[in-house]
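Sharing a structure with you now.
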Amino acid sequence: MKLVIPAVRLMCLAWLWPVTLLKGTNTPNHRRNKDVYLGENTRHKHGGRIDFKMKKSDSTKSLLIKSEQLLRIEDHDFAMRPGFGGSAIPVGIDVQVESIDSISEVNMDFTMTLYLRHYWQDDRLAFPSSSNKSRTFDARLVKKIWVPDVFFVHSKRSFIHDTTMENIMLRVYPDGNILYSVRITVTALCSMDFSRFPLDTQNCSLELESYAYNENDLMLYWKNGNDSLRTDEIALSQFFVEEFHPSYGLAFYSSTGWYNRLYINFILRRHIFFFMLQTYFPTMLMVMLSWVSFWIDRRAVPARVSLGITTVLTMSTIITGVSASMPQVSYVKAVDIYLWASFLFVFLSVIEYAAVNYFTTVEEMKKLKNAKLPVSYDATQAMAYDGCFHDVIDVSPFPDLPATPSTTLTIPPTASSAEAPPTEGTRLWKKRSVPSNISFIMSNSYMIDSYSRILFPAAYLLFNIIYWCIYS
């Protein structure tokens, strides 16, 4: 009996063991492992595509994959241009100028923001569509297809705007026609002529050209002729935009051949009012201020000298300020002619007083030499007449001297003393030679100021009339 009971127990355990194993296979962990196994088999079976029931995929990624499959991007080599080996592919261009940001005379360049649009046909991107609607993409798909390699000739800097995304648009039509638009800011060279500055008009152009493809591979043309160039309302601080017009040409390079080139031409006319306020009006006032010295007494040396030096220094400051804002060109500009001519008038007004002062001194010294002076008279006081000394001087008349042969003043007879004086109410007209006129003016130095009051304004007025007739 003792052996029978253990034997029965072993038989019961042997019968229950398979049942326990079958229940263990239906646990959640086993089902999870089975699902993973089935998922891996499904992935291999369908060529790498994951069943959406097994794993939820990124919808954006799936749409991108569908677009690439629709355009058959993986089936073609987009490193080659469309129709490679055949005739040149035509690429139409149209431009909308958004703004002219700046124009620099010092650097001789301009900065422009524009929308550049390309039009061409690539049969490799044609796709079937029942509604004949186009599809629009951004910069992510542009990097996977062929686009024209248009660049800006003579550009110094350029960039594509990237806020908040790259400002690039690609629109594909079912028949393979493509519109590629990009928003660009470019700084390009403009060869300016400043010979008439600031009364000048500048002709600038922005030039577009294919970098790699010559005219045998790519033909650039304006999409809509003269209507291919459109502009927004452009307002500049110093210029008025007179005209925008497109043009076409060819460019030759000795190593690579002929290339199609498109031109965006525009004419800029400078506003003169800013320079009238900053340059011309101050210059005119300084010249007129220098004429004030002609009405100041010739013996007032400090007043006339300080006024002349002040006007000369002010003109030098104006010339330096204008030159600092201009490029260092090797020819004379219109503003230079006006400034230096005005500076010459100011300088001559200083020279005029130097001549007046000198002739006055000579005249006074002659009078002192021809007169008999008392023994107690200080000869240095004679210099006070030309304003060089400012001591208190007794200007009372000299005491009468006895008429003795040694003190009698003998005046040599001259041609003028031999003539009879004209009667009252008559005027004597006599033609004098140039040396006699100069001698007469030197002996009457006060007349130099009298003539200068008329000659200087008349000459400056004549200069202004000629200047503005030529350059305006």
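Note that Cβ sites are derived from N, Cα and C of the backbone, with glycine treated the same way.
TrEMBL does not curate its annotations; it predicts them automatically.
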Please identify the range among 95-115, 200-220, 305-325 that TrEMBL labels transmembrane segment.
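Checked against TrEMBL: transmembrane segment maps to 305-325.
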Rank 272-293, 337-359, 451-470 by Cβ pairs under 8 Å to the transmembrane segment (305-325) and hand me the top one.
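Comparing 272-293, 337-359, 451-470 against the transmembrane segment (305-325), the winner is 337-359.
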Quickly jot the same-chain residues contacting the transmembrane segment (451-470) by Cβ under 8 Å, restricted to those at least six beyond its ends, or write none.
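Counting only partners 6 or more residues beyond its ends, the transmembrane segment (451-470) has Cβ contacts under 8 Å with 287, 291, 294-295, 337-338, 341-342, 345, 348-349, 352.
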